[in-house]
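Structure first, commentary second.
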């Protein structure tokens with residue numbers, strides 16, 4: 001078989017039928033195995049200035065199984081060495097914790113007390129606890145599915161795993177839009193949040209004493225976007241580990257500051273804990289389902305787990321799942337320390353008076369803006385801005401990877417730095433345009449939570465069943481089927497509820513008029 005790649009335990013041997021193509025040295029020592037494989041037989045790459053030679057197949061691969069070693073060879077995908085997600089594979093458990101924490105905590109967690117206004121104390125706590133355990137379980141499934149001991153493949157992207165399990169056509173219908181929203185849509189939401197918080201920070205610092213004309217909200221959006229685009233020039237996912245660390249610290253910081261200040265200041269005057277009830281039975285039912293969408297939307301980042309794990313080295317003795325799960329456990333311990341106090345402490349402090357738009361952050365300024373230290377208010381706003389900038393980088397990385405893959409697959413070489421800068425600037429300012437055009441995007445949290453819910457709670461269960469093939473009717477088989485079907489049913493109901501609530505209560509639509 002002319003032109004077949006062969007992989008030894010630590011090095012690759014190639015038989016090339018076409019002139020050699022230069023590739024970065026990291027490609028030939030990368031522990032990554034083929035994703036699809038994506039190359040045809042004439043796409044093989046060999047190190048520059050080396051003469052091809054023929055070697056006897058060794059059938060020893062980092063993730064090989066006895067059957068696989070006996071029956072097939074594995075090919076490296078040279079594209080991986082040039083794409084931002086897999087360009088560097090020297091990550092570790094700490095990097096994983098930084099990325100996971102930065103992507104797992106966001107401003108959407110601040111609206112969790114709003115869910116309690118509908119569900120009440122008991123059902124609010126039960127729902128939040130069940131959702132946390134459920135999403136942590138599906139996250140564990142994704143970590144285990146990242147690499148297959150049977151095929152030797154590393155699924156370095158969520159969409160790639162969907163394609164392998166559901167088939168390309170079905171995967172596009174099921175997962176493409178939610179994943180695109182969770183990347184690009186989240187970046188748009190971060191620009192809206194970051195720009196609005198920049199304005200709040202400016203107002204706190206000036207305190208009404210500044211004589212200069214403050215920037216408009218659109219100008220604040222532009223300032224935030226420009227900072228995000230500048231930061232996005234870091235080349236790959238591992239290179240932003242420090243950014244994710246700062247983002248994780250600031251996320252934990254502003255969550256803690258907000259709930260601590262709210263609890264210390266005490267309950268607001270006239271606070272009530274009676275659940276809000278709609279005027280009709282149908283309205284009450286859909287309000288509950290819409291609230292469940294808000295809770296599910298608070299848990300994010302599953303669409304990035306495989307990408308984060310792809311930055312780690314892996315072999316048969318030291319699979320990447322071990323350090324990845326260690327990092328996840330660290331991160332989600334801190335996530336729980338943020339989400340539960342925010343939801344419970346926020347509802348205790350504000351009850352039904354919690355603002356629907358902005359949640360705890362808005363409540364802090366509305367109810368305690370005058371009595372709280374300006375330093376605390378300014379520090380909280382600054383933390384939100386820094387976290388939004390950091391989160392923009394990790395949520396934008398899958399889109400950067402997709403854009404660059406088009407060039408890499410066609411040209412079979414790395415993207416030039418200037419072209420990379422242009423593409424990322426185009427993405428950033430494209431998100432800015434959408435943020436200005438649709439500034440009410442945050443009001444659709446319940447609807448969006450329903451659309452994106454299967455990516456977090458349902459698809460991992462079905463993918464685990466398809467890949468692992470457990471024996472029918474065993475406890476683990478039943479558990480995954482129940483959770484998967486429940487997740488899909490819940491998604492459909494949440495989408496319907498979100499649409500109904502929007503129609504019933506209305507959303508202040510203001511195209512190209514951010515306020």
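Backbone N, Cα and C atoms are what each Cβ position is placed from, and that goes for glycine too.
Among the ranges 309-329, 330-350, the stretch that TrEMBL annotates as transmembrane segment is 330-350. Contact counts against the transmembrane segment (240-264), taken as Cβ pairs under 8 Å, peak for 375-396 among the stretches 330-350, 375-396, 477-503. The transmembrane segment (93-115) and the transmembrane segment (375-396) are in contact, since at least 3 Cβ pairs between them lie under 8 Å (pairs 6 or more apart in sequence). Between the transmembrane segment (417-438) and the transmembrane segment (477-503) there are fewer than 3 Cβ pairs closer than 8 Å, counting only residues 6 or more apart in sequence, so the two stretches are not in contact. Below 8 A, the CB atoms of the transmembrane segment (444-465) and the transmembrane segment (121-143) form 3+ pairs separated by six or more positions in the chain.
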